[in-house]
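Asker: Structure below; questions to follow.
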Amino acid sequence: MARLTKRRQADTKAIQHLWAAIEIIRNQKQIANIDRITKYMSRVHGMHPKETTRQLSLAVKDGLVVETLTVGCKGSKAGIEQEGYWLPGDEIDWETETHDWYCFECHLPGEVLICDLCFRVYHSKCLSDEFRLRDSSSHWQCPVCRSIKKKNTSKQEMSTYLRFIVSRMKERAIDLNKKGKDNKHPMYRRLVHTAVDVPTIQEKVNEGKYRSYEEFKADAQLLLHNTVIFYGADSEQADIARMLYKDTCHELDELQLCKNCFYLSNARPDNWFCYPCIPNHELVWAKMKGFGFWPAKVMQKEDNQVDVRFFGHHHQRAWIPSENIQEITVNIHRLHVKRSMGWKKACDELELHQRFLRDGRFWKSKNEDKGEEEAESSISSTSNEQLKVTQEPRAKKGRRNQSVEPKKEFQNSCNDQLGLKDFKEKLEPEPETEAVSSSQEIPTMPQPIEKVSVSTQTKKLSASSPKMLHRSTQTNNDGVCQNMCHDKYTKIFSDFKERFKADHKRETERVVREALEKLRTDMEEEKRQAVNKAVANMQTECDRKTKQVKEKCKEEFLEEVKKLASQHKQLISQTKKKQWCYNCEEEAMYHCCWNTSYCSIKCQQEHWHAEHKRTCRRKR
């Protein structure tokens, strides 16, 4: 029965910050109380004390932080009970934790809807109207479980396609593995319910465990889900995981668009773009902005835009406005194209594609050819056995097994055992003229010996000569039949041999291509490591130089400060030794009394009349 429940409430990044704070405080042999945790969170992460207190209380409710009463043993709070916080233990009762704690769509905690078939949970607001819960008393299935039920194709074919996507994922996952190596963190499983990574996905693909493309896509989304939960939505690891998931969805969309194009564009056999797809793509002349008309295949149409893939060297994709599309049957002279070398190569590729279409020549993968190869192997073994039979010496002359029935039975057995529609016409025996009546005239029992004269015996010998002539003719006909059958099978075997040679050549090229790709990947990895090492060395050298410059500047600064302080002290000393006008504070020249001097008579008179005549101590 579907229900809404609060699995967790605290923010995942705040929880990890709290774990770090508690661990650091505990390592300092101190009690991780609310004051120390608040100060740490404010100083290191800039979190307000009220928010820290709220997140800490939510973490305690979620069971991610353990709250205890601890007695202080030193300092001003020695002997006083105070609340202390600990990290939870590693043990988890996984039997009770059957579902995730965070929404599979937005990766946040809160009140979630639990799926009845899998571990995923969703916020009601994160679901579209199609998947929202209508009746609380009924069972509810998440969008992933509903999509997985749709079976796409056979597992073997699906694994072939998914291997290409996983290889792309591994290239992206190199950066993700470098940036995120904390999946062995002891608290990792406290946040991540179902762990998954790219090697796990690859292993499932190799073992053929995926039932649909949606299930594969769900694992890619789970990888993103776990990354966002553990590293945060704004982290560099989350950005890499989003890009990985986006690329995976794009590859799956391309696969759903055309399986033939997807396979050929990844396998890249010779003339891969020329092989027709099932169903065939519409051929058009497409014109990009700034270029002339170019032959292309139509991949899909949307509103006034057409997604095309151009013939030529790079086979680029582009969305072209429908007004810039012309049918392939349009006369080239009306298009006013510039016939460059690239355009001519594209037209040659188009012509080869059209020839393949006319000849009905389609690309078949190994899985599709497997059944035919088994049939071909049975043909070769059966044909060899039959050829041996034909080359064996026949039975004695004069027996009825030399009649036409054994020949027909032999040919029928050959055809039945070969059993291929493609070679039916080749294997049908050509009509042969046989002297059946002559063979039937051969007596099966010895005739009684008669005594006749010489002339009579001569007549009998002359009469029996046609029968002997017929026997030699029949033997010659049998030899001709054997030769024709041998030539026919030899031709078939030569065709098989050529086909096997072509398959072997393609396989060799594929292996070489994969080896080159692996070498290229290794070289790029070594290049990346060398660049990173050089950058690290350069950064270290820059830091060392910067430190030296800073120390030198600091020394010069302190020296300059000392010099200025000495000059300032001298100026103060000189200033103290002078007399100053009491009225205008200029240097004084005229002394009046014990603490009063003036720079001029004018200042003396002004100050005298203003106030000094009442306080002056000079004897008059």
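Easy rule for this one: first residue shown is 1, then count along the chain.
Placement of Cβ uses the backbone N, Cα and C atoms for every residue, glycine included.
Please treat TrEMBL annotations as automatic predictions, because they have not gone through curation.
The coiled coil feature in TrEMBL is assigned to 509-578. Positions annotated as domain 'SAMD1-like winged helix (WH)' by TrEMBL: 6-82. As annotated by TrEMBL, domain 'PHD-type' applies to 100-148. Here TrEMBL flags 581-616 as domain 'MYND-type'. Annotation comment: TrEMBL describes 366-415 as region 'Disordered'.
Walk me through the surroundings of each of these features.
Answerer: Look at the domain 'SAMD1-like winged helix (WH)' (6-82): DSSP puts its residues at 45 helix, 11 strand, 21 coil.
If you take every residue in the domain 'PHD-type' (100-148) and average the pLDDT, you get 85.
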Asker: Tell me the residue counts in helix, strand and coil for the domain 'MYND-type' (581-616), as DSSP assigns them.
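Answerer: Going by DSSP assignments, the domain 'MYND-type' (581-616) contains 15 helix, 8 strand, 13 coil.
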